[in-house]
Amino acid sequence: MGYLFDVLDTVRNLPGYASTCTEYSCEIHGACRFWDFNSTYFHSIHQSHDDLVARLSSTKYDDGVPVREEAVFGFPERNATNQQLVFVKSLPLLFQLPNTQAAFKFEEGALRVVENLAATLKNDIHLEMMAKRSYTDEYDRAIMRDVPLVPIGFCIMSTFTAVVFWCHDKVKSRALLGLGAVFAVTLSIVSSYGLLFCIGISFSSVAQIMPFVLFGIGLDDSFVIMRIYRNTDPASEISDRIGATVDEIGTAITLTTLTSALAFGLGCLSHVKAIRWLCMYALPAVILVYLFQLTFFVACIVDHENCIIKKRRDSCLLELPVWEIAIHQYTRRPPLDAQSEEKHGLPNINISSLDTAQNRKIDKFMNMYTKVLLRPQVKVAVVLIFAVLAISCGYSVAQMTQHFNDLDILPEDSYVSGYMRASADFLHPNVENPYVYFRDVRQSDETVQMQMEDYVGDLATLEQVSDEPIRFWLEAFKSFVHKNVSLQSLPFQEQLDHVLALPEFSPFLPDIVRDDNHTIVASRLRISLNIRIDAPVQDKIRFLKDQRRITAEQDINRDKTDWAFFTFANRYGIWELYSDNVSELVNTTIFGMVSVTGVAALFIPHWTASLFVLPLMFILYIDLLGMLQWGGVHINPVSFFTMAMSIGLLVDFVLHPLHRYYDSFGNRHEKTVRMLRTIGPSILTGGVSTLLGTLPLAFSSSSIFRTIFLAFMALSILGMGHGLILLPVLLSTFGPEDQTSSSRKSTCRSLSFEMVIDVTSNRDNDSEVSSWGSRQSDGNANGEVLQSADLEVSSWGSRQSAGNANDLVQADKNKGVEVSWNKKYGSCPCEF
């Protein structure tokens, strides 16, 4: 007991306590009341251990007020014979401060002092503390502790994009351009947050997740834009190349942005406030990422290309002499520089940008991967594997349960977590007990009083309400008046004045609010629940619905939006979220999938697109839920956040390749090959960037954020698997085909081919081209692709062959030969 008085005196002697409790009374509850909260009195009369036990075993205090045992002792045990206390697990001490700003500020200093006091106690005594502001403070501390993860994520994504865009050539390398892509996403995040702060939407841990998500998904557009830009004709003007790039990929990027924005926009209509906040932060951010990628990042591309033309290094600071090769695009061969031919054995070729070794390796890998994937036996195996995965995940989804510990959002070393665990183990194992409120009625009216008693009696019949006696001021008041005949003739207000002046009724004073005329404005009582803190969520939801049903059935509440009788507890909010989780998740999923399917049907130029989008999104969703269940994730607000975001993320893995397929020509096989070779590397890189973007969450101080990282890891793997494995197999088997053969197309697209030049040496008087190679394109005007020992060439007009660079240019002096670098998709001056 001495330690309890030490804590009591420490808090009461703190600066600000007296001023805080001057205007409003500060009540104290605990075993110290047996000595009138006076440490001097305690030490003066405390003679022996037996004296101490005898006083603590009393059923009434010195002033005659009955002892509420559950508020004074934790798990007390008494001797069955003499009712003396034998054992208690804990001694709680409660300071009830007024709900004022001064009290809120006082709590901050008091918590620090008590925490220091707890560190000085002996090992066999533990002191845990918590204040009204503690949960919010620790919640904010978790946010601030994880703030450094944002620049860590920035560094990770900057390094990754720099590596993706880097090559050995100091001029052609685009590492600095990769940093520009990351900076574009950063600008989007800052602009979005600033906009929402101006509107007045507060920052929360939900919003803290968005930078990691946007780093992951925002760079996808950069990779796609850069991939298509590299495939344009380097001999063209930069503006023409940018135009061709936007013309080629603009629809796909717009489509994926619209679907993501639509999915988040529907989330803004959610009944759950946390989900609305999440989607409110995500919606403008997704749109701004799209705008910054098409403006800021495209401007960075133009600036970098100008640096290449000026022969500057990747840093755009130093000039470097470069050995130049140029390929002229023409319809009639221009005259050659004889001196150049004699000196180098080559025409004067001028390439504005060379394909990098990394790109050639990626292209080579995708070519090999495509050949293997589209083999009949491999396609059968892929379908079987994904079918088994979907069935297994579907079964796993059926096993999911609702579970959530609201301490998970706090730092693992939070003192609040220690208090809550100690409270369950040493004080009381039950959750917060709700109050029953009565308001806006004449509580002096006997009819209303009967309704109040009936309401309390109905609540007591619920199985979740404990058998402990309910301390109801009205019942105690009526019982006292009934026993004292002298009070029965007095008006209700005078009766109440007399009763509340008695010491034994003082515990009811905080439960009754009266105006200046002594009329009761509102009153309350507390009921005890037998629901443990670690009880299944279903038990908590059942009580929430049962008490709501009973409350709605009261005659005094009928046809009212604001009930006169109701119950409330602080935990009702999280229980309400539990109860809405499943229905909200189902509604969000259905509306999201239908919406993205509708948008895809509008933008993808074939009605069959919806037949691929909707089923594949459904399978992806089931697979993701199933994998989360395998990872120990339950249905709770965290998984709800994740699944609400996942629709906007998963759709990118489906729509980008699907749009590329429908934008290509030829039969199913040709369209699938083109899809994988052009957009496949970008999908792969985008999936890795999504995974890396959320990687810092794995090191969060909150277990919730680590769970979100697990979800995004599963999302990235499943998205890449379905978008690069299952979808190509399905499209190559069931996808629609063009009615016109690819060999009869009259645009330059049919004349394109890839050409790779390796410059392996640069001698003083001689320049050696070590290897020439190309890859077959969609075809040519004659439907033929010619191959020599060293070079494949597409030609028109007449069949040509070439064995080296001279032969290529001189193959036919009267016929035009078009050389298109790395798949030219732009328009061609020669149509026929």
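Every residue gets a Cβ built from N, Cα and C, even glycine.
According to TrEMBL, the protein carries these features:
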type     : residues : note
DOMAIN   : 146-303  : domain 'SSD'
TRANSMEM : 149-168  : transmembrane segment
TRANSMEM : 175-203  : transmembrane segment
TRANSMEM : 209-229  : transmembrane segment
TRANSMEM : 249-272  : transmembrane segment
TRANSMEM : 278-302  : transmembrane segment
TRANSMEM : 378-398  : transmembrane segment
TRANSMEM : 585-604  : transmembrane segment
TRANSMEM : 611-632  : transmembrane segment
TRANSMEM : 638-658  : transmembrane segment
TRANSMEM : 679-699  : transmembrane segment
TRANSMEM : 705-731  : transmembrane segment
REGION   : 762-781  : region 'Disordered'
COMPBIAS : 768-780  : compositional bias 'Polar residues'
Whether the transmembrane segment (638-658) meets the transmembrane segment (585-604): three or more C-beta pairs under 8 angstroms: yes
Spatial neighbours of the transmembrane segment (209-229) far in sequence, C-beta under 8 Å, 6+ residues away: 149-150, 153-154, 157, 161, 164-165, 174, 177-178, 181-182, 184-185, 188-189, 192, 241-242, 245, 248-249, 252-253, 256-257, 260, 278, 281-282, 285-286, 289-290, 293, 297-298, 301, 641, 645, 648-649, 652, 656, 678-679, 681-682, 685-686, 689-694, 696-697, 705, 708, 712, 716, 825
Long-range environment of the transmembrane segment (585-604) - Cβ separation under 8 angstroms, sequence gap at least 6: 251, 254-255, 258-259, 262-263, 266-267, 270, 275, 610, 613-614, 617-618, 621, 635, 640, 643-644, 647-648, 651, 655, 658-659, 662
Selection from 278-302, 611-632, 679-699, the stretch that has most Cβ pairs under 8 A to the transmembrane segment (378-398): 611-632
Leading contact stretch, 175-203, 249-272, 679-699, 705-731 vs the transmembrane segment (278-302) - CB distance under 8 Å: 175-203
Within-chain partners of the transmembrane segment (249-272) [C-beta distance under 8 Å, separation at least 6 from its ends]: 217, 220-221, 224-225, 228, 278-280, 282-283, 286-287, 289-290, 293-294, 577, 580, 584, 588, 591-592, 595-596, 599-600, 603-604, 637, 640, 644-645, 647-649, 651-652, 655-656, 659-660, 663
Mean of pLDDT values spanning the domain 'SSD' (146-303): 82
Same-chain residue ranges lying at least 6 outside the transmembrane segment (175-203) that approach it to Cβ under 8 Å: 143, 154, 157-158, 160-166, 210-211, 214-215, 218-219, 222, 226, 277, 280-281, 284-285, 288-289, 291-293, 296-297, 300-301, 304, 314-316
